[in-house]
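What Swiss-Prot records for this protein:
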SIGNAL    1-22  signal peptide
DOMAIN    31-253  domain 'Peptidase S1'
DISULFID  Cys56-Cys72  disulfide bond
ACT_SITE  His71  active site, charge relay system
ACT_SITE  Asp116  active site, charge relay system
DISULFID  Cys180-Cys197  disulfide bond
SITE      Asp204  site 'Required for specificity'
DISULFID  Cys206-Cys230  disulfide bond
ACT_SITE  Ser210  active site, charge relay system
Amino acid sequence: MLKFVILLSAVACALGGTIPEGLLPQLDGRIVGGTATTISSFPWQISLQRSGSHSCGGSIYTDRVIVTAAHCLQSVSASSLQIRAGSSYWSSGGVTVKVSSFKNHEGYNPNTMVNDIAVIRLSSSLGFSSTIKSISLASSNPANGAAASVSGWGTQSSGSSSIPSQLQYVNVNIVSQSKCASSAYGYGSEIRNTMICAAASGKDACQGDSGGPLVSGGVLVGVVSWGYGCAYSNYPGVYASVADLRSWVINNA
């Protein structure tokens, strides 16, 4: 969960008009309209913590590597980070492991949010169990409309500064790159080939914890990246596309 919003008035000059329609990416990881769940249903989910407080979500790729979003790891040192795995609660239970290092995608651009992916290396190995499991990386993007789920400890309402203690999830449907960039939605050319979208029909839900998992067909298909807020039906949640960034993750894990 990233507790800030990039405001138009603050950064319009810096972006130099790269974002059309006068809108800027809003990084406000949250699960709105979600349901409490247990870690056994999402055993790859971790809480990325900065100085002991939850800051982002992530997914277990191997027993020593976590996949998360690059925007979660800006202006932070590895020594201040740890992860909690194997617990439905971000503040207790399971196991905590210190972060030894991390690497952001070299092509990550905070203005366009392209290549918004990173790998975290742990100081010791996770012991796999029914509540701590790795998840495979998608090798191709799911079809438009495919069922998916997103999980995390994001704030449950727009503008809220508090987060739930228990893991939340929401069911969504994939919106393909081409569909998300089409006139059916409002993003247009902001959707790049390293992104995939998802939306929840009939719910006020768009995205979960920043850096957290979007899962479809039992594999990791997306990493929660950005969006224009859950109130707008023509702006789905936007995720880093794992299929398009798979090679980078494998080569840098």
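Including glycine, each Cβ sits where the backbone N, Cα and C put it.
All protein chains considered, the CB of Cys197 (disulfide bond) has 29 other CB atoms within 10 Å.
Sorting the recorded positions Cys56, His71, Cys72, Asp116, Cys180 by the number of other Cβ atoms within 10 Å puts Asp116 first. Using Cα positions, the member of the disulfide-bonded residues Cys72, Cys180, Cys197 nearest to Asp116 (active site, charge relay system) is identified as Cys72. If you measure from the Cα atom of Ser210 (active site, charge relay system) to that of His71 (active site, charge relay system), you get 8 Å. In this structure the alpha carbons, written CA, of Cys180 (disulfide bond) and Cys72 (disulfide bond) are 24 Å apart.
Confidence annotation: the domain 'Peptidase S1' (31-253) carries a mean pLDDT of 91 in the model.
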